[in-house]
Ligand SMILES: Nc1ncnc2c1ncn2[C@@H]1O[C@H](COP(=O)(O)OP(=O)(O)O)[C@@H](O)[C@H]1O
Ligand SMILES: O=P(O)(O)OC[C@H](O)CO
């Protein structure tokens with residue numbers, strides 16, 4: 001029993017990674033699944049796809065590692081956050097597709113609740129803003145639109161869960177209805193200070209509390225897999241939302257430590273220790289992790305478009321065929337052109353939170369080509385990160401944000417983008433040796449609980465840097481460029 005299985009159920013694919021006793025990756029398996037866009041601004045997944053790809057990748061990864069289930073000490077689950085699933089308690093069948101975190105269908109509901117003055121009450125309890133991004137309004141939508149759902153939920157016949165919770169239910173054969181504190185913290189129904197579901201918010205949204213799961217620590221006993229799934233029952237010992245798992249995988253355990261993950265979006269989390277800091281700059285207060293019943297809090301900045309802007313260059317503009325080509329293009333770009341791209345494809349997230357504005361490009365000339373567009377796309381990610389860090393520094397003057405930023409995610413592989421990031425935030429950027437930070441974070445939770453992996457201090461001591469990017473940009477130029485970005489954002493917001 002010397003292996004850990006980490007399931008990473010993400011927005012576009014499900015991956016399972018086998019880690020050995022030394023926390024090295026032994027094998028992995030990945031499967032993509034279809035995205036459904038039934039209407040403009042709507043994003044759904046079929047929960048059956050999420051479940052099937054989970055089982056298939058678990059089996060494939062075990063096979064690729066050339067091990068058997070009895071070799072596995074425990075399972076960790078990390079997942080796309082906020083996404084909502086409601087299912088029948090008896091059959092385990094979902095009553096509607098999963099409504100994905102990116103889905104904006106409840107923008108009007110949120111606006112109405114905000115206009116009625118409910119946002120301060122919600123923010124004080126949950127640390128979140130009244131935005132369609134979070135689970136609560138999506139759950140309410142399902143209860144409103146699926147025939148008889150609210151009544152059935154009140155009778156205890158329907159259950160709600162984020163993706164981790166649904167997978168736990170299925171993996172344990174319908175015996176465990178539980179989630180962890182980090183996922184609960186993203187629902188907009190959970191009081192992050194009291195550590196329990198908020199009766200007041202559930203009452204406001206008419207959500208029957210009977211359908212909500214038990215909330216546990218990130219390293220806890222989440223039940224055992226059904227024997228026939230993997231060949232023998234395997235305990236589930238670790239659960240965390242993917243951005244929190246990356247924070248753990250980056251060993252950001254000290255107050256002031258900051259990580260930023262560059263996948264489809266960008267999510268920066270600043271550890272604020274046992275203090276939940278309420279933001280004055282439109283950041284989110286969230287739970288970074290909860291161990292031994294003790295929550296550690298974080299300030300989070302969520303940007304919806306980071307790597308997605310590179311996907312747009314590839315699939316929309318078709319000026320590249322592979323994301324990595326942006327590096328060579330950015331290097332060739334004309335240094336005398338100042339093209340600024342504001343990638344507000346689905347509005348802007350933190351710290352602007354405007355769901356209605358759309359993207360814009362400034363400074364185009366007759367000479368602007370693929371190289372200048374690629375450079376502007378990569379720069380937009382750096383500028384957005386600086387927006388977040390400025391907001392975090394303003395919110396958290398007490399201890400101060402540590403100057404070094406730890407990065408991970410697909411886009412962190414881009415040296416040009418990481419160098420620009422370091423230049424524009426005027427701070428070192430550290431990329432770790434282990435690129436599988438999210439899976440590693442949840443593997444450590446499960447392995448630590450199983451007694452296989454070191455304690456928190458031991459794990460943090462093992463974190464190793466692969467590359468450090470240091471700021472070289474002239475200070476005047478940095479100031480001019482960032483000012484131009486701020487003006488471009490204001491212009492975008494005002495259209
Ligand atoms: N070398 C690269 N340069 C720039 N962007 C990249 C590079 N490699 C991957 N990406 C971007 O990173 C994203 C994939 O990262 P990943 O961490 O797998 O994201 P997710 O978990 O959100 O699916 C894609 O949006 C892709 O465009
Ligand atoms: O699945 P990812 O990696 O795009 O992450 C999604 C986030 O958890 C959304 O909050």
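The chain as shown is numbered from 1 upward.
Placed from the backbone N, Cα and C atoms, the Cβ positions cover glycine too.
TrEMBL: automatically predicted annotations, no manual curation.
For the ATP site, TrEMBL gives 11, 12, 13, 307, 311, 410; the one candidate out of 54, 57, 264, 368 that the record lists there too is 264. Going through 133, 262, 289 against TrEMBL, the one listed in the glycerol site together with 81, 82, 242, 243 turns out to be 133. Cα proximity to residue 11 (ADP binding site) (within 10 Å) is found for none of the binding-site residues 82, 133, 311. With a cut-off of 6 Å between Cβ and the nearest atom of ligand 2, the binding-site residues 11, 242, 311, 410, 414 reduce to 11, 242. In the vicinity of ligand 1, defined as a Cβ distance under 6 Å, the following of the binding-site residues 15, 81, 133, 242, 311, 414 are placed: 311, 414. Taking all protein chains in view, 26 other C-beta atoms sit within 10 angstroms of the C-beta of residue 133 (sn-glycerol 3-phosphate binding site).
Of all the binding-site residues in the record (81, 82, 133, 242, 311), the one with the smallest CA separation from residue 414 (ADP binding site) is 311.
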